[in-house]
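Everything on this sheet refers to the single structure shown next.
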Amino acid sequence: MAREYKIEDYRNFGIMAHIDAGKTTMTERILFYTGKNHKIGETHDGASTMDWMEQEQERGITITSAATTTFWQGRDGKKRRFNIIDTPGHVDFTIEVERSLRVLDGAIALLDANAGVEPQTETVWRQAEKYHVPRMVFVNKMDKIGADFYRSVEMVGSRLGAVALPVQLPIGAENDFVGVVDLIEMKALTWDGTIGAPATVGEIPADMADKAEEYREKLIELAVEIDEAAMEAYLEGTMPTNDELRALIRKGTIEVKFHPILCGTAFKNRGVQPLLDAVVEFLPAPTDVPAIKGIDVKTETETTRESSDEAPLSMLAFKIMNDPFVGSLTFARIYSGKLTKGVSLENTVKGKRERIGRMLQMHSNSREDIDEAFAGDIVALAGLKETTTGDTLCDPLKPVILERMEFPDPVIEIAIEPKTKADQEKMGIALNRLAAEDPSFRVKSDEESGQTIIAGMGELHLDILVDRMKREFKVEANVGAPQVAYRESITRAAEIDYTHKKQSGGSGQFARVKIIFEPHDGDDFIFESKIVGGSVPKEYIPGVQKGIESVMGAGPLAGFPMLGVKATLIDGAYHDVDSSVLAFEIASRAAFREGAQKAGAQLLEPIMKVEVVTPEDYVGDVIGDLNSRRGQISGTEARGIATVVNAMVPLANMFGYVNSLRSMSQGRAQYTMQFDHYEPVPTAVAQEIQKKFA
């Protein structure tokens, strides 16, 4: 089967927004107008097509990006293929947004006309900047009380530091919102609000004529700056034609020089069709964005893969989902080449082969089987065994590793245990499945307590995962409070001379060791033997090292593992009959226990490197709060229109920080933290910890 749509007629885009900007409703309308949906699902009925996980339908928020393919006939009468990725708008799911932005070519940022640019819009916008994604803005909910298009446009500049390019103006607002002025065609488009009705094209209302002229002039001035020839012609008094103007806006949008702004109300069906036309006219096709970079596995040099069916096959797995009917589905974006059912591909990140069995084209939650797919397509693959998010699948003869996605480290850990014996086995399976789907969720076993620890991006993130475990895997679990992993070390040198003797009829046990224990700068354990003259035979020395290592897992203060200890064996004695490796092991164990006490044992805590990105208004509060958490500020710097505060803070004082930061900055600041080093715990705090764990 040959390709049905030319790659130039593809638009791979997503809709990004703050949690309540109406994203799901907008996606529903797009699917309706492009002919895929026959009954529109409303979010507030919990019946929306894109939000297909049960929790999403209950909470009315979008958690999982579902990919959907649909089609739209543009103004020129030509049909285009849209691949739409739905992205979540909640801060605990930013990983999902990062993932989808990574594989998109363009995006529509949705704003609530009443609230304008909200905190999560800033976060997602910054992520899109990082991947250099061309964006348009749609000011939604123009029918809402307090809707203000002009304020929203101003906020795109002041809050996002972006160049706004209105290509429409609203006619009326709140209850009186009826349509828009098209600043390119200089016509009024109005809708009567019935579902699916086309716009009525008419003249611009007299009271808006001057404003429309003023905004069109600004539009042309910004657009011609993109192209020298157009700029020269404009300065000589030649206006661009409407088609030339569209071409200039397209060029500037794709180069991320400015962002076209449109408006409407998805819920009331006003302004949706012009937005779809704008996707065709202003957002890039896969061939309009730079070719994806990667590393050639054979030569280990940088290479690129062009968006072409003729290039070697390369694709990036960007999402894994459990589908109730098909099992595990891997969503992948094909960047180059052609994919056929039944072929065997190389997973270059894992170094494993994968056979492509079943290939699906997804519509929100229905699916169609396909036999082949091409560059630019987004497909769902069933039954891949080894592939996880961020892996590359490619032609085994031309292996490449495409740019890896970067996933933030989890910031919150809690212990989890099955409620009953029956839940025990199921819990392990469920947690491993969830971790395969979500790279920002980690599972580990705590060697010290034997508990299972889960870690994620925030409290809502872990809540939802525990909830999914209950629903999808029928596992009931108890969840504990967040915990810190402390360590112990020593502060000075101590020399210990210890003899182990045991006589119990027949051969006994004898070993004498003389060891110096001292602190060193690293975190590891160093063992050295300075035995000369055979006072401890060579074959017994490994027993000395093994004995010390076996007790370093539990320090003398509160039973935490020990770090940064050096042990030097300087002397000893043995007995021809009674000595053995085991005897030396026992002697060195006892010597270490005595030495750790004498060498000034101390408690260490993990110190986190914290970076807070905040609007300037909240810098003082953020710094004050970090200081109150025993944090040390290492500096501040400007990043765009935000300020970055860097600090070192003990992990023990960072629990619940996401919520304090949210309320302190009205949700506009965000933070990341990662482990940096261990540091001694202040005496007063150490005493409390010892009491608790002793």
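Here the Cβ of each residue, glycine as well, is placed from N, Cα and C on the backbone.
Going by Swiss-Prot, these are the annotated features:
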| type | residues | note |
| --- | --- | --- |
| BINDING | 17-24, 86-90, 140-143 | GTP binding site |
| DOMAIN | 8-287 | domain 'tr-type G' |
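This view paints the features noted in Swiss-Prot onto the structure.
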{"residue": "Ala17", "record": "GTP binding site", "DSSP class": "strand"}
{"residue": "Lys23", "record": "GTP binding site", "DSSP class": "helix"}
{"residue": "Thr87", "record": "GTP binding site", "DSSP class": "coil"}
{"residue": "Met142", "record": "GTP binding site", "DSSP class": "coil"}
Cβ atoms near Lys23 (GTP binding site) (within 10 Å, other residues, all chains): 29
Listed binding-site residues (Ala17, Met142), ranked by Cβ neighbours within 10 Å, top entry: Met142
Number of other Cβ atoms within 10 Å of the Cβ of Thr87 (GTP binding site) across all protein chains: 27
Local confidence of the domain 'tr-type G' (8-287) - pLDDT mean: 84
